[in-house]
Structure formats: C-alpha cells, structure tokens
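Okay, structure first, notes after.
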Amino acid sequence: MISLRGSAALSPFRIEKILAALKGSAPRITHLYAEFWHFAWSDQPLSEAQQEVLKQILTYGPRMSEEAPAGELFLVIPRPGTISPWSSRATDIARHCGIEAIQRLERGIAFYAATADGSPLTDAEKAALRPLIHDRMTEAVFASLTDAQKLYHTAEPAPLSTVDILSGGKAALEAANAEMGLALSPDEVDYLIENFQRMGRNPTDVELMMFAQANSEHCRHKIFNADWVIDGVAQAQSLFGMIRNTHKLNPGKTVVAYADNASIVEGGKTKRFYPLADGQYGFVEEDMHFLMKVETHNHPTAISPFAGAATGAGGEIRDEGATGSGSKPKAGLTGFSVSNLHIPGFKQPWEHNNGKPDRIASALQIMVDGPLGGAAYNNEFGRPNIAGYFRTLEIESAGEIRGYHKPIMLAGGVGNISARHAKKNPIPPGAALIQLGGPAMLIGLGGGAASSMDTGANTENLDFDSVQRGNPELERRAQEVIDRCWQLGDKNPILSIHDVGAGGISNAFPELVNDAGVGARFQLRDVHNEEPGMSPREIWSNEAQERYVMAVRKEDLPLFAEICERERCPFAVVGEATEEKRLVVSDRHFGNTPVDMDLSVLLGKPPKMTRDVQHVARELPAFDHSRIDLKEAAQRVLRLPGVADKTFLITIGDRSVTGMIARDQMVGPWQVPVADVAVTLDGFETYRGEAFAIGEKAPLALIDAPASGRMAIGEAITNIAASLIEDIADLKLSANWMAPAGHPGEDAALFDTVKAVGMELCPQLGISIPVGKDSMSMKTVWEERNEKKAVTAPISLVVTAFAPTADARKTLTPQLRTDLGDTRLLLIDLGAGRNRLGGSALAQVYGSVGNVAPDVEDADSLKHFFNAVQKLNREGRLLAYHDRSDGGLFATVVEMAFAGRTGLELDIASLGEDAVAVLYNEELGAVLQVRAADLDAITAELETTLRGKVHVIGAPASHGDIVIRQGTKLVFAESRVALHRAWSETTYQMQKLRDNPVCAQQEYDRLLDERDAGLHAKLTFDINENIAAPYIASGARPKMAILREQGVNGQVEMAAAFDRAGFNAFDVHMSDIISGRVSLKDFAGFVACGGFSYGDVLGAGEGWAKSILFNPRARDEFTAFFNRTDSFALGVCNGCQMMSNLHSIIPGAGHWPHFVRNRSEQFEARVAMVEVLDSPSLFFNGMAGSRMPIAVAHGEGYAEFADAAAQQRAQDARLVTLRYVDNSGLPTEVYPFNPNGSPQGITGLTTADGRFSIMMPHPERVFRTVQHSWHPDGWGEDGPWIRMFRNARKFIG
C-alpha cells in the first residue's frame, strides 16, 4: 500500500460547525484539523516516473491553509468490504494516465482533534466526535493510517449453504427466515416447504433469498393484489383491480400500462436529435412516445438519507431507461414527507419532541442530506429535476402521534421512447443474457424485504445491509450504451431490458426471461464482481446499483461489445436463454448449482393474501380558530415547510441540462420558487412537450382518507392546468400509495380511498392511472426507557399528473404582471364557499387537525374549471395563474406578489364572513390575473359553467404592502418584504445549517433590497440578426467535434447549438482519441462539454485534463490542435474546468485560473446575470457591453488565479470575457448574483488571439428563447446566446 498525504479537507466554516456541535457534549475539544490521505494498491512496484504521475494526479482542489497535524487521529475511510464510487473513478483516471499497474485508489480523511491543554480525549469525547465526522452507513473510523490496509482485503469466496427442511421441517425455515431477514409470511413458508419437499431436496440460501426478494411486498404488491374482507363483508375487487378500472374505462393514448418499468403514453411525430451511425449529429423524424414513472425509496432514506435518496433517484432513472427495448430519461421530480424539523435555534410553536429510534435519521438530517443525495445523483447523471413537494407532519391525532419518522422519498420523471422500441421483443432460446453497468458489491442485500417491514421491526445489521450506495457517473455510461443502441433504430441490438433494483439480479434476470416465456442458465462466476469474498447468495442477490440486465442476440454481441468499449461501460455475458422455463445458476468455483428451480415455483402463484379488516371510528375535536390573530397566523403558516420557500431544495439541483426545459420551479425576474407545473420540450425544433405536476394532501387522511385521495387528484389537476393541454382526457396519473398497513382502521381507510379514486372520481373525470407504486409499512416503532413508542404516517396518496402540452410557451406562472396596465385578480373557488379548515396548514401550526376536511364534491366543476382555464390560456387572456393549496388563499396571493414584487389590495367580502376560514381554507381553486378590460367578459364566461364560484378579489397595488379588507373593514396589512422574509426564513435556516452561512445570509438579505430590478436584458447587438446566414447559405458546414469524457452529460444540447449555427457536429468520445479512432486534425474546432467527467473526483475537470496531459497520444493530439493557426475551441462548465487545467499546452492561456469549489460549498443551479466584456474572443465578437441572463449549474466554479498579479495580468490583457453582475448591472462577488464567489465576478476567459475560450455558464442550454426560465417579452425563436455559436461560424468564413 502506498500512502500519500493530500491537502486540507475541510474549510474553516465546516470545521467551526463541527466544533459548535461538540460544545454541548465535548466542550474540551477546541481544535480540529482535517486532511485528505490517499491510498494506492498496485500489482507491481511503480516506477519513479509513475510515482511522480500519481502524485500529480492526486494534487487537486482549492488552495487551503495546511497545518502540521496535532492531536488524536480519527481516520475516516469507506467501510472495509466496500468500494467507494470515488475509488472506482479515481482508479479509472490513473489507468487512463498510463499507470496500468494501479489496482485501486482510495481516499480517506484524517481528522486530528485536540483539547486546549493537550490532554488525551476521553472515550465519551471520542464517541461524541465520531458521528459528526462520518456516515456510519458508508464509512468507518480508525485510529491509525495503517488501518487503511483493511480496505484492500481479498477474501476467499464464501461457500453456499442450505437450510435443512427435510429433517428440520418448518422450524428450520422459520429460523432462517428470521436470521436472513427474509420477511416470509407463514403462507409462504408453507408454500416453500411443500415445493422443496416435492423436489426431494433442501433449498439453498441463494434460492431462499431470491424467492424472498421476488415475492416481497416491495416487489409483488401483495396488499394491493389481496382479497379484502371489510367489516365482515367480502369485497368484489382488489385494490389493484380498482386502479386498473381507470385504465379499462379510459385506455385512450396509453400504450403500456402496468406491464413494464414505466408507463408509456402516445406521443407523435417528432424530430429527435442525436448522433447517427457515423457519429454525426442529425435530426431523425420518428414516432416518439413519452414515458412516466414515480417511485419511492422510503426505508433506505430513513436509514442513510444521502445514499437512500441518491439511489432512489438512480433506480427511478434506470426504470425510465429500461422500458421497452431501450428508452431515454428526460426530466425528474423529487418529493419528501418527514416529521417536524426542529431546526436548532428556530424552534416552531407546533413542534414537540416525540423522540425517535437511534437507527433512523432525524427529520432534520433527512432534509439536510436526503435532498443533496437525490440532487447529486440527478445532477451527475444529467437529468434536470424540475418539480417536487415537501411536507412536514408530526402531530397528535385521536390519541396517537401521526407523522413521518419513516419518510416518504419520492423520485419520478418523464422520458421518451421511440414507438418501435415501446414493446419488449421475444427472447429466442440461445440469446445472450447480459449484465450491463457496475460490479456486484456487498450492499443493499435484502433491501426489497427490508423495505417491506415497519421501520424498527428489522435488526440493525440487516438495516445497514439493505442500504445501497450510488455511482451516477457509471449509470450515465450505461445509459449512453442504451442510447447508442436505440439510436440504431431497427438495428437496435437490445431485445429486452430490465433495470436491477430490489433483489438485485436474482430478481431482474428471472423477470426478464419469465416475461418472454423462456428459462435461463447462468454462470455465477461470470457476474461482474469486485468483491471475490462474497458468498453465492451475496453475489446473486446484492443490490449494487447502476446495473441493467438485457437480452441480446448472439450475432449482435460484437456490435454491443464495441459500443460498451467506446463508452467504457463494463458488461458481462452471464447466461443464455433456454426453451425450458427453468432457472439454473451454476458455480464453477465450487462445482455446484446454487439455483435449480422452475420459474413457476419462483414467480408462480404463492398463496394469495386475504386482508380481513375493520373500520375504526375516531372522535376528532373541531379546530377552534376563533381566537387566532391573522398576523400571527401569517407568520406561522409562512414558516411551515409545506408552505414556505423551498429554494434550499431547488438550487442544489440542475434544472437546465439537456436544453429541453421550458418551465422549472423558479419563476420570473426574481426567480421565486412558486411554479405550479414542470414543462419539457420534445426537441430543439418544436414547442410541443410534456407537462407534469404533483398533488398531495395527506394530512386530510387523518380526518377523511377518501377525501385526501380526491383532493390529491384535484390538486394535481389544478397544478397541471397552468400548462396548455388539449383535453382533460390527455391527463395520465401516477398514484403512489403509502399506508401503515395493519394499523387499526388504516387498511379499511386505504380500501375506501382507492375505491374513491379508482371507481368514482377518475371515471367521472375521464382520466386513468396507468402507473403507480405502493409502500405499505409506513410506521416506526421503538422502545425508549422501557416504553413502547410509535409514530404512524397517515394514508398518503401522492398523485403526479402527466400530459402532452401543445405549446410550452403558453405555460402560465404565478408571477403577477405590473407592466401590462390595469389588471384584476379572480378567485375560482371550487369549494363553493364551504371554507373547511380541517387538515390545513393553519390547523397544523396551531397543533390541531380538525374534523371536517375539504373534498371534491363535484367532479363536473373540476372539469369545467380545467376546460375554462385552458380556453382562456389558449386565447391569451390570462396573465398569471396560481392554484390554491397549502396555506390557502393567503399563501396563493402572497406567493404571486412575491414572484411579481408587488403589493396587493384585496377585498374578500364576497367569500364569507369568517376571515380566518376564507384566507386559510385549502379547498380546490385558483387565482387568475386578467386585464381589467377583459374582466366582465371573462367573469361572464366563467359563470356559465362555474356559477357562484367566481369572485373578483382585488388587484396588484403600486405600494409594497399586502392589504386585505372585508368590505370597509381592514382585516390584514403587512409589508410584502416582511412577509417574504417570513416565507423565506425556513429555507435560510436550512441553508445556513447546510452551506456556507455567509452565503445564506447574503441571499436572505437580498429580500431587503426593494430596488432589485431582477433579471433583465441589455443587448448591444440585434437579437434577430443571423450573422451566420450567408455562410450557411453557401452550403459549407465545417466539422465541429463535440467532445466528451465519461460522465459528461451536456453534449447533445451543445451539438444542437452548433448545428443551428451552421456546423456539422460530431460526437467524439475521449476513448476515440486515445484509441486513435478519431483525430482532432479532421475538425475545424472542438467544444469540451459540461457534466461530471469521472464524477468530479480529483477536482472538477482535473481528471479529464490529466488523462490528456499524462496520456502520450492524447497529449500529442491536443498539443497539435492548439498549435494550428486555424483551429478554435470552447470549454463550457466541466469543459471549462478541464481546459483551464490544460493551460500549459494552450498558447496564450498562461494566466488562466484554476476553477475550484464554490464559496457556498454547494452545487449551484441558478439563472445568473452576466456581462460580456471587450475581449479578443471570437465567440463574443460584437457582443461587448451586453448584459443578459444565462443558466449556471456547477459545484466548482470559483476562479482561483495563481496569485493577484496573474488575475491582474489576465484583466489587463483583456482575456476576461464574462463576469457576473448584480441586477443593477454592476460586477459582483455577492451571492447568489455571483453563484460561486469568483473575484470580480470573473466567469469566462480567452487567449490572447481569442481562438480558445472557456466559460462556466451554459449558453448551449438557452440558445432558444423557450429554454429560458425567464425572458423579456418580444424575443423570438432565438435567444441572444445563439450569437456566440454564429460568431464561431462567421470566424471560419
């Protein structure tokens, strides 16, 4: 083992946070220092030259002050027996840099803790420090650097074992059931005993684990398929049968329902843009459908929030890629329901400490780490996350604590699939059965069974085993392979594909072949495996992530292998399909057969469950709101996380990657997160796309579970109504059902809710639910001081509505317009004046639930509402729109005011006499902004179908206050700024806790600046002029290399921008250059694209750069290219970071900075204002002096120059091309106007001759106007950033 000391690992503010956390438990620890250590293992000694290269590879990141270690050592390394994603990526980089002997690189952090007087730490002090410096699920703490050797332990393979039921009978299997955490029901134990006794042999542990996973509640949805007896009466339908009823009645435009990894909905002819067989990008017109899927990953997120949420997102992404015979994930959504946060120093009056078991994370920890995990996975994979929800609930109801100690972690999204690939093909006997993606690793074992149990019912070690770890960069590589396959059209080598999820390949391979009506033979030792010490059971059933299984014809294997080799994606042929419907797994190492059984035994019909349950009546007190003060109510409600500003959850997630996003969460010139709907685009030459929106009203279930289901659907519809949809029948719903099955009364309430949705409301609305998921163990049980405790979730239906949208430009937002003359606000009150407060945010912040819930009494009114909004939008008569939901009418109107930075004058007299109920009820409805001149006509039109439900409630005001009257009586007045600060305080507190507190404070204080003009555009060129037109007309299209490395994800939108500007864009992978397949001499220019090359290990872009600098062929290629006189290049984001590290071989780039971690120490996805500076850059010719918004998405964008002199020389030589400015146009280092803190706002540079330029923001994601989150009225099809690409075409001539 080679040990190499690295740089300081933690910034001062991170160290301070740890020391502050120790003040209560270990105040004597007054000093802490952390530094990286790297450990390398090789199969032969490294030469001196190789050792020098290794040292340079492992020198990365920002400059931070280092110190001599002092104090007691705590070495934090990955848990022995695991391989971290960092390790696999860093090892790849070393090998690509020519150090082939490297077997593994790993990284640890050495913490040195000291007391003021230098005395040794006590055991209690050590115990207090350890949980603050490591994640016990993924890391371990040791006391010596030599302990890192434990990471590289090669064990002999563990043997197969059997369970002796032939002599031990049922008792033997029951003991194994408990010991292995199989979660088998008594009926399933009997079923297995019967079948194996019939076979005359004992089952292997491999077969039992495989059976348990394949037949777990998680995988087989036993409760949803069960027979039901309620209050002694047998029910005619199962829960799933009632859901299927919606599709049976309204199957229109649904291509696949309930039969694949995602549901497929009919699309239309679309021009898709991708690289063709020769590598050149082009448009291909084909029939393209969209697919929809929403999953949950609740149990793993409770145990290890970052990893659990990350792999939840990753698993759902795989579902979208493994549909049909290969598909493309496109855009995502994320949601969280947790118990109360208890933010330190920000305790809220409705929060009470009900305790929690030690084994699970607190709600606060889940909301600090979980969203980061989900966002990090989406970001690195390259899927924009553009919708979500966040709910907290922990309250006493009917003598019980109801809440989300077991959280909901929702992950979903949309994708696209070619019509020709929508169905899985037959698998002929002899076809190769392939595992694509990462290796088997001992993680996630038994996750399917574990997630089917109540939290706390499993043993702690098994809970640890059932959590997975994610490597999104590897999943990206696997998706690139899938993309190359489906892009071959009819020559797609993939016959059928499944993702590997719960149960690992022991579930995925049987599903793959069983669905095709064939069997299979496998060789266990051909499974790609990096932990040779695993037992056969562990190899077959582990839930290592980033894996797919697929069938490929033998004759297509060479083509498939060629694609995988180019994408550097591991794959293994593990078996072949057989005519006999039998599953056989052989093990050549031990010479035995761990699995040999008919598929009908594994996946046949184990005994069907019967649920015999009772209704339970609960006495619920009314919510007494008679003494509530409206000002206090506003302050409380606006701080409730379900209502409050969710910026801290949104800006950590990339929302612009792909260039296919028309509407994300952030709205208007001030980027306020209040959008009702997410909208994507179908391509780069269309305005058609997909819309999706979430509905969720779980607290109502504590009063009336069926009402909560109806209201969730209603909310999804009132949200998605903000997009332009041709017909309500085009809506397709995903239903995610969470329930504490077995809790008194809850099963019957679940049945009633499914019936209300599946048999009544959806049929009345004419819409269907073709996809969904259930999680039936939403209860946490534990013991505390010998007292049994429990926190039980309410029945929770999360509905996601999806639909094709006819024109993404017609999406309405809540931003009130104050620049379009005299306007009015209309409320459409679908509650028809009932003003019920049960289950509301208001009730919750006063510690109550109430006993009367809002409901959907009239499906026709909901349909009329939807149709009316669509008609008015189509006709251009609506200026703003926002649905009424959490926080009631009050939250609706103040959010609209926040987005428009305006005051309001409202009169609520027509809505009822009870001002509290009027303002805070959460009945369905929406507020519309219309022109005053249109008011009478629109009101009359709405009244024809919504009689008595339409109210004029006021108008935007020229002052800065929110003023609400009831006729002549003033009932509420407060400044918009004060309310906005209250609404944003929760997000500020979370950012302050999680990120750099200085940045959090700057963003929060931005709200105080009433002169902030917001995003704007000041252009010094004609946006409508196409300066490349003459050159395009000549017919000449220069060749442009669209360069990517493994983990890059922004290449397609970059190619589209250069294609539009008159280039022929070619897909060039670094593997093409290193292998000699492609040479840069054949291209006029190249662009290095954005993403996460090598997952940003060894510094963002640095691994990519070093694989060029230390690979002789690559270095020669790039050096020759840069030294040509006619070449040019652009580096954006990750490509910018990479090229900045090549400055030694780029003429004129000597003063370029190094790009390091953002000052916030967080990934920042923002719309930022930039100014183009006067420079020699060919890309910015004629643009100097322009100011305009641009997409930003990076974690390491701080421009770190060698020294102040180098920065000054770069500026003096006019090498700085772009800088961040604030909303008044001044260069800035203030967050978030400058999202990374770069000195003087510097974010783009060029060389002395202007041919090579680098920039951190993303012009390729916003070259069309429709791609902008906000833009001025009047821009046409092209946005201003297309000028950059056209300048490059003009440069060539």
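Counting begins at 1 with the first residue displayed.
Just so you know, glycine gets a Cβ as well, placed from its N, Cα and C.
A 10 Å cutoff on Cβ-Cβ distances gives C1133 (active site, nucleophile) a total of 31 other Cβ atoms nearby, all chains included. For C1133, the entry in Swiss-Prot reads active site, nucleophile, with the evidence type sequence analysis.
Residues or ranges marked as active site in Swiss-Prot (evidence: sequence analysis): H1258 (among others). In the three-state DSSP assignment, the secondary structure recorded for H1258 (active site) is strand. The Cβ of H1258 (active site) lies under 8 Å from the Cβ of S656, G1050, G1090, V1132, C1133, I1190, A1191, V1192, A1193, each of these being in the same chain and 6 or more residues away along the sequence.
The active site annotation in Swiss-Prot covers E1260 (among others), and the record cites sequence analysis as its basis. Annotation for E1260 (active site): same-chain Cβ neighbours under 8 Å, separated by at least 6 residues, are G659, G1050, E1053, M1054, A1056, A1057, C1089, G1090, V1132, W1281, F1285.
Residues or ranges marked as ATP binding site by Swiss-Prot: G308, A309, A310, T311, G312, A313, G314, G315, E316, I317, R318, D319, A675, S885. In the three-state DSSP scheme, G314 (ATP binding site) is classed as helix.
Under DSSP, N719 (Mg(2+) binding site) is assigned to a helix (H, G or I) in the three-state scheme. Annotation comment: Swiss-Prot describes D676, E715, N719, D883 as Mg(2+) binding site, evidence class sequence analysis.
Sequence annotations record features per position, and here Swiss-Prot assigns domain 'Glutamine amidotransferase type-1' to 1040-1293.
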ATP binding residues G308, A309, A310, T311, G312, A313, G314, G315, E316, I317, R318, D319, A675, S885: largest Cα-Cα distance, in Å and rounded to whole number: 32
Cβ-based isolation winner (fewest other Cβ atoms within 10 Å) among the binding-site residues E316, D676: D676
Pairwise CA distance, G308 (ATP binding site) versus N719 (Mg(2+) binding site), rounded so that it is a whole Å: 28
Spatial separation of E316 (ATP binding site) from N719 (Mg(2+) binding site) - C-alpha basis, Å: 23
Near-site residues: Mg(2+), ref D676, E715, N719, D883, CB cutoff 8 A to centroid: V677, A693, G695, A716, I717, T718, I720, A721, A722, H882, S885, A926
A310 (ATP binding site) to E715 (Mg(2+) binding site) - Cα separation in whole Å: 27
Alpha-carbon distance [D676 (Mg(2+) binding site); R318 (ATP binding site)] in Å: 26
Largest tally of Cβ atoms lying within 10 Å of a Cβ, found at which of the binding-site residues A310, A675: A310
Around the Cβ of D883 (Mg(2+) binding site), the count of other Cβ atoms that are within 10 Å: 25
Inter-residue C-alpha distance, G314 (ATP binding site) and D676 (Mg(2+) binding site) (nearest angstrom): 25
